[in-house]
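Summarising the annotation, Swiss-Prot assigns domain 'KARI N-terminal Rossmann' to 1-182 and lists sequence analysis as the type of evidence. Feature annotation from Swiss-Prot assigns NADP(+) binding site to Y25, G26, A27, Q28, D83, T84, S85, Q86, G134; the stated evidence is sequence analysis. Swiss-Prot lists H108 with the feature active site. Annotation comment: Swiss-Prot describes 183-328 as domain 'KARI C-terminal knotted'. The Mg(2+) 1 binding site annotation in Swiss-Prot covers D191, E195. Residues annotated as Mg(2+) 2 binding site in Swiss-Prot: D191, E227, E231. Taken from Swiss-Prot, the feature substrate binding site covers S252.
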Amino acid sequence: MAVIYYDKDCDLSLIEKKLIGIVGYGAQGHAHAQNLRDSGLKVIVACVEGGRGWKKATADGFEVMCVAEMAKKADIIMMLAPDTSQAKIYKDSIEQGLKPGKMLMFAHGFNIHYGQIVPPSFVDVTMIAPKCPGYMLRQVFTEGAGAPSLIAVEQDASGKAKELALAYAKGIGSNRAGILETTFAEETETDLFGEQAVLCGGTTSLVKAGFETLVEAGYQPEVAYFECLHELKLIVDLMYQGGIAYMRDSISDTAKYGDFTRGPRVINEDTYETMGEILGEIQDGSFAKEWILENQAGRPVYNSLRRMESEHLIEEVGAELRSMMSWLKKKR
């Protein structure tokens, strides 16, 4: 079972005199910076000068500067820029500012695990990865609670890397919920697999397959949309709240029997085999290589697929039906 750390394991005083630099002020960056500041820690923010993040961080009362200047000043540097831009940011603006005693932190392990960023041996390299969106990390903190995080240590030059990372986790409030120990490899590989096989790739493909099956059988696209996409939220919310068993206890016996007997015919042995292949491509680095080369080439495949998917009938039907739902209009 996983090792989980709580408040008793976290000593905020270890970083009270250190200057923390946050790279990026987007979804996660703003939450980290504000939670750390509210915990009494010294925080500076690095963004693209004049950009939206720069303006927002300035408006929120932070000292904002370019990444290179921040890298020279900060004792702890947390990389919260998009994964695809981190390697260039590191090479151009951070690497030269690193000195013994500093710690480089990440919220996702991709660039370290796949060698896109190779820090010098004299710095600590750690990860604190909150398991929630940035807005939720901030919200629960202000309510006096916290969000769970993952912690990993890739490099322990100081001999105190884990303790310092735990202190950082306390600064963003994760000590109030729990900090689960992992590795850069495990976090990266499971995160990518979850995205590709279940949360994004698996779910969207399943939804579209169900929608297309009904439409091709002569059912109205609008009804197919409701049954295969719209109602998905009802089921996911139940699983999110209490797990699979809780969801099953909340649906009809007819739905439950169909779940037990037909579900395994949809997700069958062939699916398991394909999932294993997808995991293998993540583990051996071939997916990472493919994605890195795709970015270097200007994303031709990505852009083509994105355009093609946006033209799927389910998007047209969904837009029409969502326009009928006043509660969705209010959220936009």
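Cβ atoms are placed via backbone N, Cα and C, with glycine included.
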- Note on the structure: Out of S85, S252, the listed binding-site residues, fewest other Cβ atoms within 10 Å surround the Cβ of S252
- Could you round the CA separation between Y25 (NADP(+) binding site) and D191 (Mg(2+) 1 binding site) to a whole angstrom and send it over? 22
- Close in space, distant in sequence - the residue listed as 'active site', Cβ under 8 Å, 6 or more apart: D83, M127, A129, E187, T188, D191
- When you measure from the Cβ of E195 (Mg(2+) 1 binding site), which residues in the chain that are at least 6 apart have a Cβ under 8 Å away? G201
- Item | C-beta crowding around D83 (NADP(+) binding site), within 10 angstroms | 16
- Item | Cα distance (Å, whole number) from G134 (NADP(+) binding site) to E227 (Mg(2+) 2 binding site) | 31
- Query: Taking the Cβ of A27 (NADP(+) binding site) as reference, which residues of that chain separated by at least 6 in sequence fall under 8 Å from it?
  - Reply: P133, G134, Y135
